[in-house]
Amino acid sequence: MKYRVLFAIILVCAFLLRVYGLNWDQNQHLHPDERFLAMVTSAAKLPLSFGDYLNPAVSTLNPYNLNFNFFVYGTMPMTLVKLVAVWGRADTLDGITLIGRFLSAVADVGSLLMVFLIARFFEKKYGWHYSIKILAAFFYGIAVLPIQQAHYYTVDTFATFFSFISLFAAILYYQRPQLRFALISALCVGLAIGSKIASVYILPILGIFHIWGILKRKDRMGPKLTLATLHMAAYILIAYVALRMADPRMFETGNIFDLTLNRQYLQNIAQLKDLVKRDSLFPPTVQWLSKTPLVFPLQNIVFFGLGWPYAALAATGIVVMLRKKEKEIWLIMLWMLAFFLYQGSQVVMTMRYFYILYPFLALFAAIGTFSATDFFVKRKLLQSIILLLIAASVWPFAFVSIYSRPHSRVTASKWIFEHIPAQSRIVYEHWDDILPVSLPAQGNIPAHFAQQYQHTELPVFYPDTPAKRVEIEQKLSEADYYILSSNRGYGSIMSVPSRYPYMSQVYQELFAGKRGYRLIADITSYPTINLGLWSVSFNDQWSEEAFTVYDHPSVLIYQKVYENSP
């Protein structure tokens with residue numbers, strides 16, 4: 001009974017960590033992917049009938065019918081958020097964003113519940129200590145990347161949640177090959193793929209668990225094949241129906257017997273693949289050109305997604321399980337390795353692509369902590385156990401602090417309105433947010449509008465041609481201020497100086513004070529542990545770009561002090 005109370009406390013605390021500071025950007029919509037998804041959801045309308053919903057040609061929930069011709073996300077989360085927004089009378093861009101974030105947090109807490117249930121399954125089967133499932137829930141509750149993703153209205157939390165329900169049902173099927181477990185797994189994998197197409201990567205481990213469950217039965221081969229055929233047919237049927245319900249847009253017609261995939265959707269996927277090739281200068285791809293496959297994603301998981309003490313405990317847990325003969329765990333570890341090797345070798349190695357590994361890493365961190373606990377207890381070093389948990393919690397609680405204060409771009413905007421005269425000429429970089437953002441009136445403080453400044457865009461990601469050089473020099477010469485609202489431009493471009501020799505030099509000279517501009521404000525929002533008289537901040541700007549540029553970018557404001565001669 002005590003562990004149930006403890007689990008309930010962990011569940012509530014995990015939820016609070018995920019909804020704390022939910023309006024972290026003060027309704028400024030500073031996450032571009034989230035902003036796009038919220039715009040599509042806002043433009044969508046609930047169909048007049050279920051038949052219209054299933055028909056991509058007429059559905060008012062189909063992004064392609066709303067003049068959004070490039071949409072590679074699954075539509076299931078969007079449909080769910082729209083339903084709640086209409087029901088809750090909050091069908092506005094702001095309302096949809098906050099509802100999407102709230103449901104994202106709920107979905108991620110659902111993933112925590114799955115971690116707990118999977119650990120409890122292994123406890124019953126292999127005699128694991130009861131504390132492991134509690135520790136697994138605790139570790140997933142404090143995992144930084146899931147906490148961050150739960151603050152966003154994106155599809156990843158929904159996809160991970162449904163994937164883990166499907167996996168848990170597949171593990172139960174392996175233990176007892178009953179049709180109900182297969183159907184639950186099929187239903188949820190359909191919903192997962194309808195949330196995010198990359199959820200197909202979990203299909204191999206699901207398939208192995210189901211096939212394994214049939215093969216270990218003591219029946220003769222004939223009955224096994226019959227059972228396998230019937231269950232497989234039911235699985236495919238339910239998964240297909242669930243996918244069509246979750247994302248009808250993925251198919252060409254509303255005819256459920258027509259398996260043809262939507263041509264525009266397939267074109268979108270092909271376009272996306274072209275944009276992320278290694279020879280591409282598509283701005284979001286530039287950051288990856290200098291990154292070492294496997295090493296860079298592992299570095300981000302260890303230092304930012306988990307924190308190194310947490311990661312060390314997870315690694316300990318993996319080593320412990322390698323010495324045991326628990327087949328399901330071995331299969332999970334092999335799948336994790338295969339997935340990491342594949343995804344970590346792609347051009348784009350962004351942290352959220354590895355999100356599905358985090359529930360497993362929480363489980364292994366729990367095993368590692370229990371093993372360390374056993375070691376320390378035997379040596380009467382109980383205080384060391386507490387130190388382990390505290391060490392693993394430092395980075396998560398430091399990270400959550402970014403949601404306790406205004407977004408750094410909002411803070412920078414307030415500074416700009418206070419210190420930069422109206423009608424000043426400001427240059428900003430394309431593929432990044434323009435500053436200042438307009439601020440509503442607050443008490444006796446009047447509203448401020450970005451339009452009171454003259455903004456000019458710098459095409460920093462264009463290839464370094466003579467024409468670009470002339471344009472950049474002219475715009476910098478005419479401007480009064482140069483505002484970098486994140487490290488998106490210089491962080492990517494300076495990492496590949498061979499591709500951008502001129503622009504890399506511009507940044508080097510700017511930062512060295514040799515461009516005629518002087519740094520007058522450096523506004524940051526670093527993760528911080530604050531204990532009143534003592535505090536420590538962690539500069540995480542060396543992480544992957546997406547980890548900082550959405551919710552806590554570093555803003556640099558430069559003022560022209562003299563004319564530069566290129």
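Note: Cβ is positioned from N, Cα and C throughout, glycine not excepted.
Small disclaimer: the values here were computed from a predicted structure and weren't measured.
The annotation transmembrane segment is assigned in TrEMBL to 70-90, 102-122, 128-145, 157-175, 181-213, 225-243, 301-322, 329-349, 355-377, 384-404.
Annotation: stretch 128-145 has the most Cβ pairs under 8 Å to the transmembrane segment (355-377), among 70-90, 128-145, 225-243, 384-404. Taking residue pairs at least 6 apart in sequence, the transmembrane segment (157-175) and the transmembrane segment (329-349) share fewer than three C-beta contacts under 8 angstroms. By the Cβ criterion (under 8 Å, sequence separation of 6 or more), the transmembrane segment (384-404) is not in contact with the transmembrane segment (70-90), since fewer than 3 such pairs are found.
Residues 177, 179, 182-183, 185-191, 193-194, 210-211, 214, 217, 219, 250, 256 of the same chain lie 6 or more positions beyond the ends of the transmembrane segment (225-243) yet place their CB under 8 Å from a CB of it.
Segment contact is absent for the transmembrane segment (128-145) and the transmembrane segment (70-90), given fewer than three CB pairs below 8 angstroms at sequence separation of 6 or more. Taking Cβ pairs closer than 8 Å, the transmembrane segment (70-90) reaches residues 37, 40-41, 44, 46, 61-64, 96, 98-100, 103-104, 153-155, 158-159, 191, 193-197, 246-250, 265, 268-269, 271-272 in its own chain, all 6 or more past its ends.
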